[in-house]
Amino acid sequence: MYLKLLQSCNRLHPRAWDFIQLMRLDKPIGTYLLLWPTLWALWIAAEGVPSAKNLFIFITGVILMRAAGCVVNDFADRNFDGHVQRTQARPMAAGRVSSREAWTLFAVLVGLSFGLVLLTNATTVYLSFGALALAACYPFMKRYTFYPQVVLGAAFSWGMPMAFTAETGSLPPEAWLLFIANLLWTVAYDTYYAMADRDDDLKIGIKSTAILFGEADRVIIVTLQGLALFCLLLAGVRFELGQWFHLGLVIAAGCFAWEFWKTQSRKPQVCFKAFLHNHWAGLAILAGIVLDYATKA
């Protein structure tokens, strides 16, 4: 239904689908992976009752900034994507969208996002510049370091402190446990993503944690996921979350165990499916948080 709605945009403009693909609106999993942790933080900051205003700001902001991140990522990789089987049909790699068009779209998306942030408070506005810097520099990190996934983890976690400051005007130390947990989790699932492209990346000189970890990749991934769950458990103690939250963590742990088992072959398509599967873990944790606060009321 959602995909058919997007495809119908071609009737309005013949190039609409190129820009939809550039923003990855046709592939919402990345948006979910950014959205669920942001909502964890928003729900906890609001003690289960986030304002409608902040829900709108952060849900819309996640969609816009994820789209902006995809645009700048494709600009950065436009000369590499054509050499990677999974990405060679992307709009910029295939020459269907120019660099100027991409930067114009990026500016529009960032401008709309900043307009939303201006509806919050000064502290959140200041924090938003960090989010922009991380989103803009992440795509270029894979040329210089084997840890681009860490930068992505920081980018995908930056909305969490912003959620606290927007909802409460303050940033408690405990909020950084959520930040660290999500950063660790992001490094883990994006390593699965990088494992799917590892052979091509080695040929063209792109760096990633998948290449760095080598044959220890799956063990390190499951260790990172375990540490993420431990940080969430500590955060749950500090924020006085109960059994529903713990059930969400158990379900997430089950998701991680399934991914570890399924990726024994390390086949690219299997690793990519493991990456996609992570959004269910994030959703399970969110459901646990929501239900925990709802049953306390």
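From the backbone N, Cα and C atoms, a Cβ is placed for every residue, glycine too.
Note that the structure is predicted; figures quoted are calculated from it, not measured.
Over in Swiss-Prot, the protein carries these features:
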| type | residues | note |
| --- | --- | --- |
| TRANSMEM | 29-49 | transmembrane segment |
| TRANSMEM | 55-75 | transmembrane segment |
| TRANSMEM | 102-122 | transmembrane segment |
| TRANSMEM | 124-141 | transmembrane segment |
| TRANSMEM | 146-166 | transmembrane segment |
| TRANSMEM | 169-189 | transmembrane segment |
| TRANSMEM | 219-239 | transmembrane segment |
| TRANSMEM | 241-261 | transmembrane segment |
| TRANSMEM | 270-290 | transmembrane segment |
For the transmembrane segment (55-75), distant same-chain residues with Cβ under 8 A (at least six beyond the ends): 22-25, 30-31, 34-35, 38-39, 42, 81, 90-93, 99, 102-103, 105-106, 109-110, 112-113, 116-117, 119-120, 131, 135-136, 138-139, 155, 159, 162-163, 166
Highest-contact recorded stretch vs the transmembrane segment (146-166), from 29-49, 219-239, 241-261, 270-290, CB pairs under 8 Å: 29-49
Within-chain partners of the transmembrane segment (29-49) [C-beta distance under 8 Å, separation at least 6 from its ends]: 55, 58-59, 62-63, 65-66, 70, 156-157, 159-161, 163-164, 166-168, 175, 178, 182, 185-186, 189, 235, 239, 241, 276, 278-279, 282-283, 285-286, 289-290, 292-294, 296-297
